[in-house]
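Taken from TrEMBL, the feature signal peptide applies to 1-23. Under the heading disulfide bond, TrEMBL lists 33-54. The feature domain 'Cupin type-1' is assigned by TrEMBL to 68-213. The oxalate binding site feature in TrEMBL is assigned to 112, 117, 122. According to TrEMBL, the Mn(2+) binding site annotation covers 115, 117, 122, 161.
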């Protein structure tokens, strides 16, 4: 291989590594960083990350590294889903460590509608019940099956995924994310509850103006028109 080709190859590898670095949570530069409640979040120079200023490490306590909020579920939504999330906003010890997690409870027949996390891969662990879970890749291939108690499934970052309780008892799952701020985009709300032009939606989905209006009222009453 010529010196010029080698140089271009090394440059390509460097740029790829740089892109991966900027697309992930930054590595911590101290043992831990308990957010200082007196300051708000600060956007970094790369505009991809937000940081929470640390308080003096001498002010940290054991309670900063313990979270008890997952012991019970919350109120179920219309889709039969109840979620309790743990992130640096309610679990200070997670700040700068590049992870977060959540408890999800799904009623019998309930669903976690199609959605995706733009900044994190998710690892789902079923602790009770039977759940049909899966994701769709960029070629529209579906990877899905029924998960039972004790089974784990990985949902790649940025891919649409979904869950449905197919058992005869409420299901409980824990989701683990490799980002402290994974983000979430719910497909139905993003499409019909975001204010996208009605004519465009009619042409895209072959629906009438009335049908679009009905869906808008369901997913975001503020944009119904």
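Glycine is no exception: its Cβ is also placed from the backbone N, Cα and C atoms.
Broken down with DSSP, the domain 'Cupin type-1' (68-213) shows 22 helix, 56 strand, 68 coil. The subset of recorded positions (33, 54, 161) lying with their Cα within 10 Å of the Cα of residue 112 (oxalate binding site) consists of 161, given in sequence order. The record gives 112, 117, 122 for oxalate. Within 8 Å of the mean position of their Cβ atoms, the other Cβ atoms in that chain belong to 115, 116, 124, 155, 161, 175, 177, 182, 184.
Remark: residue 54 (disulfide bond) has 30, 33, 34, 35, 36, 95, 96 as non-local neighbours, by Cβ distance under 8 Å and separation of at least 6 in sequence. Excluding the listed site residues 115, 117, 122, 161, the same chain places 116, 135, 155, 159, 160, 175, 182, 184 with Cβ atoms within 8 Å of the centre of the Mn(2+) site Cβ atoms. Counting in whole angstrom, residue 161 (Mn(2+) binding site) lies 9 from residue 117 (oxalate binding site) by their C-alpha atoms.
Within the same chain, residues at least 6 positions away in sequence whose Cβ sits under 8 Å from that of residue 122 (oxalate binding site) are 154, 155, 161, 175, 176, 177, 182.
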